[in-house]
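**Student:** Here it is, the structure, as structure tokens.
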Amino acid sequence: MLSVIILAAGKGTRMRSSLPKTLHTICGEPMLFYILETAFSISDDVHLILHHQQERIKEAVLERFKGVIFHTQIVEKYSGTGGAIMQKDKTPISTKHERVLILNADMPLITKDALAPLLESKNNAIGLLHLADPKGYGRVVLENHQVKKIVEEKDANDEEKEIKSVNAGVYGFERDFLEKYLPKLHDQNAQKEYYLTDLIALGINENETIDAIFLKEECFLGVNSQTERAKAEEIMLERLRKNAMDLGVVMQLPNSIYLEKGVSFKGECVLEQGVRLIGNCLIENAHIKAYSVIEESQIVNSSVGPFAHARPKSVICNSHVGNFVETKNAKLQGTKAGHLSYLGDCEIGKNTNVGAGVITCNYDGKKKHQTIIGENVFIGSDSQLVAPINIGSNVLIGSGTTITKDIPSGSLSLSRAPQTNIENGYFKFFKKP
């Protein structure tokens, strides 16, 4: 086994946001959560180094994860990546295991499989990337698959600038290596910071073996700006789409479809172009038509859309919800709502037809109220159901009716004023001959 240390103390200035960088989301999840999940998949001893807005980050983490060991970086005294793992006396923070893996919190695309080459190394090791264009990165000079030295770009000569090997920002160390060299680190550099790369340099100077482990570039993309966040999200989306299609989900124009990590699929499902699946959703034997939005809802044996919106806590089973229908906290069982309706805070029974323009009036300006509709109900177009209200089974509601009282089963309900036709009324109103 090994211990994992995740570095998350930075300010994330380039994100230009009051939200801590590591809490910015990738496909609906804070990017820190991805790296924590990966860490717990390989270790029972996970450490998180915090400083900037640490209480906010800690609160978010504790809502989801148990067993994280929190540390506060002493940035006033020991800043930088090397300082992040230092205690007050410059010794490394205590870990359960002798092998220590160090990761950055702003790399949400890292997976267990991507880390495998680094985990297999028995020596102290640094993860490397091979970049076609390494401009802006420090170069790693190799000799017989071992790290010879690390050169910052500004200090590299012309030959070294041609090197494509760069530091991925992940490390595997033995604890005795950290205990030996971490106290020797200094901050005599332009930034006045302690660097993990300098730790490696100290080891190389004393003939320590440092393995160079090449990793997949795509999995170790660092997120330091909104542009990089968007790029990481697109890569994550490609993974989620592929996983869904591998399960048999049909996607029309998949690049136009957005889905989040909490979405699960069962049975035969079709997603048309422009569909958005947000939060924890279950899509089972369902056809989600073009440009529909499903949030925190369950769609089972049903068709939804096009241009429909299932807001949180909608459970739509054996039903058809058509274009421009919005549901919220609604339970539909065997229901047809073809067009232009709002169905909020309601339960609707089997074989019920909801006409165009029907609205459940669920909010009285102070609180929400529920509408209960039985089975075999026909609701005429442009009707308003003013909650709280209970409509029995086998009920017919005439078009344009406003319902304010409960309707017993077997009833016909009408509330329209009688129609009046005034002879020559058009000409009188417009004063035309």
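Heads up, the Cβ atoms here are built off N, Cα and C, so glycines get one too.
According to Swiss-Prot, the feature region 'Pyrophosphorylase' maps to 1-226, an assignment based on sequence analysis. Under the heading UDP-N-acetyl-alpha-D-glucosamine binding site, Swiss-Prot lists 7-10, Lys21, 80-81, Gly138, Glu152, Asn167, Asn224, Arg311, Lys328, Tyr342, Asn353. Annotation comment: Swiss-Prot describes Asp106, Asn224 as Mg(2+) binding site, evidence class sequence analysis. The annotation region 'Linker' is assigned in Swiss-Prot to 227-247. Feature annotation from Swiss-Prot assigns region 'N-acetyltransferase' to 248-433; the stated evidence is sequence analysis. Taken from Swiss-Prot, the feature active site, proton acceptor applies to His339. Feature annotation from Swiss-Prot assigns acetyl-CoA binding site to Ala356, Asn362, Tyr363, Ser381, Ser399, Arg416.
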**Student:** Using only the residues recorded as binding acetyl-CoA (Ala356, Asn362, Tyr363, Ser381, Ser399, Arg416), report the maximum Cα-Cα distance in Å, whole number please.
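**Tutor:** So the maximum pairwise Cα distance among the acetyl-CoA binders is 23 Å.
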**Student:** According to DSSP, does Thr81 (UDP-N-acetyl-alpha-D-glucosamine binding site) fall in a helix, a strand, or coil?
**Tutor:** helix
**Student:** Check the region 'N-acetyltransferase' (248-433) for me and report the mean pLDDT.
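**Tutor:** Taking every residue of the region 'N-acetyltransferase' (248-433) together, the mean pLDDT is 97.
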**Student:** Measuring CB to CB from His339 (active site, proton acceptor), give everything in the same chain under 8 Å that is also at least six residues away in sequence.
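**Tutor:** Looking at Cβ-Cβ distances below 8 Å from His339 (active site, proton acceptor), excluding near sequence neighbours, one finds Gly322, Asn323, Phe324, Val325, Ala356.
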**Student:** Which residue counts does DSSP yield for the region 'Linker' (227-247) in the helix, strand and coil classes, in that order?
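**Tutor:** Its residues divide into 20 helix, 0 strand, 1 coil.
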**Student:** Taking the Cβ of Lys21 (UDP-N-acetyl-alpha-D-glucosamine binding site) as the centre, how many other Cβ atoms fall within a 10 Å radius?
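**Tutor:** Within a 10 Å radius of the Cβ of Lys21 (UDP-N-acetyl-alpha-D-glucosamine binding site) lie 25 other Cβ atoms.
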**Student:** Going by DSSP, is Lys21 (UDP-N-acetyl-alpha-D-glucosamine binding site) part of a helix, a strand, or coil?
**Tutor:** helix
